[in-house]
Amino acid sequence: MKENVPSTVVFILLLFLNISLLNGQSPPGKPEIFKCRSPEKETFTCWWKPGADGGLPTNYTLTYHKEGETFTHECPDYKTGGPNSCYFNKKHTSIWTIYIITVNATNQMGSSSSDPRYVDVTYIVEPDPPVNLTLELKKPEDQKPYLWIKWLPPTLVDVRSGWLTLQYEIRLQPEKTAEWETHFAGQQTQFKILSLYPGQKYLVQVRCKPDHGFWSEWSPESSIQIPNDFSMKDTTMWIFVAILSAVVCLIMIWAVALKGYSMVACILPPVPGPKIKGFDTHLLEKGKSEELLSALGCQDFPPTSDCEDLLVEFLEVDDSEDQQLMPAHSKEHPSQGRKPTHLDPDSDSGRGSCDSPSLLSEKCDEPRANPPKFHTPEGIEKPGDPETNLPRPQDPQSTSVESKLLYFHADGSKSSTWPLPQPPILHDPGSSYHNLADVGQLVLGTAGATAALLEKTDRHAFNPPKTTETGGEGRATEQKESESFHSKTDQGTVWLLPQDKGPFVSPKPMEYVEIHKVSKDGALALLPKQQENGDRPEKAGAPETSKEYAQVSRVMDNHILVLVQDPRARNVAPFEEPTKETPPSRPQNPAAKDLASFTTAPGHCRHPLGGLDYLDPAGFMHSFQ
């Protein structure tokens, strides 16, 4: 029994030893490549961390291959870079080429590999720290004192050829503080530090970085002691300026707080109110421009209307006392052939020229209908006898009978008449205007007129004078007959005016009549048109002025004027025509005899000019076409 005990203990001890040996041995762990660095972009080195060795000796190898290749290479140098590193010299380094690197670990129990690492030499550049760092305190006379720092690039980097470009950064701190003050210096190898505290010791370091890569390590520290007598005059001056500015700002704020309203009113004065008399600010605020303009006395825009809306149904009058007579008829055509020796100045003021004949013709082309008749009013004054009649020579070659001319009276203002377009059958294109005597030739009686009046009118209108009496005696006889004629007519009698020849058949141009003025009593003053008398001389004894007048007895419904003789026409010295040989009377135009009335369209042939209407006797003949 005692002999079996030692063998059992040895077995148990061997069993526990075998178990412990079996638990300590295993395959190696997975290694890790943690850094690859190139100090000058010509060579590079990679470092790795080994994994667990498994209790057995482990062997590490680094293999690589370039991108696009299948052949695998092993690390060319395991010693230059230190333990667990691989150094690639210039022969094995290529830029713009990607390296695929792997680390393998192997022992008796097995092997393991690291994750592949892709390396481009251009982007793994990490240069060495700058060298020869020096510090110097300078005190120039014209500038404030400063700390001058200088250094040199790393020895392995070729910066002269431009193969690698470095940027620098400086940091410094007082010895008794923990914070660093950093300054970027760029590509220069010197730098100035201005803000320094006297009596302090400063520690300075510098580092560098390429265009593509990483910052280098900080260079070894360099220190400098700032003396206590270090001048700070510039800083003291700026401090004084800052304090003074703060005091001035406080004073201004205090003044604005006390007298803010008055200062604002002084800097930004208020807009003065309107000082226009009668100006209402409330209307301006409400936006009522019409009431505002009316309050200021301004006129609004004139209303727009058609041409006929502006017609005015009255004539312009004045208080002139001049009386003029109509000229006697010529041998060729009524109102032609004799030039008046003297005429008053025309007061038409140019209104007639504003209406073109073409414009009037457009308005007068519409046909007239239902022509009204002229009626003589009751109580017509009898004309008086003329004072004197001056004879004038008669043209022996005359082919027409001298027209009988009535004497009219008026003391109103003068107004010009515009012509209306004439029918092409009745007159020559050269004829344009007619006097009042021609209008009288158109106003003929109808079948409703009394027989006695018709016979009397026909006698005066168509029968030539049988004797060669002087113009004065014939005129007196005419006036006497007219006086008896007016005394016999009543209000319902149709007026018949004499006519010597067919209406407007003369080839020569005709004249127009100017209405001089119309008085309050309805009297109408007429002015003849002054014309040249080239084919008939005047008698030496003719007066200088030739005037005839008519009196408006009444105005009918359609604005038709009824003209009567003026009893006061005898007091004016008229001019008389001499007796002349009268050719045998020729038959009157049947169309002129049958026409007994005419029509006028009120406001149809008028055009407003300054508030006046123009009366054109030529418009009376439009219905005789």
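Glycine too: its Cβ is placed from the backbone N, Cα and C atoms.
Model, not experiment: these values are computed from the prediction.
Swiss-Prot gives the label N-linked glycosylation site to one of N18, N59, namely N59.
Looking at the stretches 205-209, 215-219, 445-449, the one that Swiss-Prot records under the feature motif 'WSXWS motif' is 215-219. DSSP labels the residues of the domain 'Fibronectin type-III 2' (129-229) in these numbers: 0 helix, 48 strand, 53 coil.
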